[in-house]
């Protein structure tokens, strides 16, 4: 049986990336709360470039 989670980086960035968060009011609220909490990474796309070496 095929599993439901089939990961793709493009889909991940498009749905949960920084630009997607900034596009909506609630997304900006998420970023603000993560900044207030002091999260190391605000969104998926902000951490995408740092992983590869």
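A Cβ is built for glycine as well, from the same backbone N, Cα and C atoms used for every other residue.
Features of the protein shown, as given by Swiss-Prot:
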COMPBIAS  1-19  compositional bias 'Basic residues'
REGION    1-53  region 'Disordered'
COMPBIAS  26-40  compositional bias 'Basic residues'
COMPBIAS  42-53  compositional bias 'Polar residues'
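Packing against the compositional bias 'Basic residues' (1-19) from elsewhere in the chain are residues 31, 42-46, 48: each is 6 or more residues past its ends and has a CB under 8 Å from a CB in it. Summarised by DSSP class, the composition of the compositional bias 'Basic residues' (26-40) is 12 helix, 0 strand, 3 coil.
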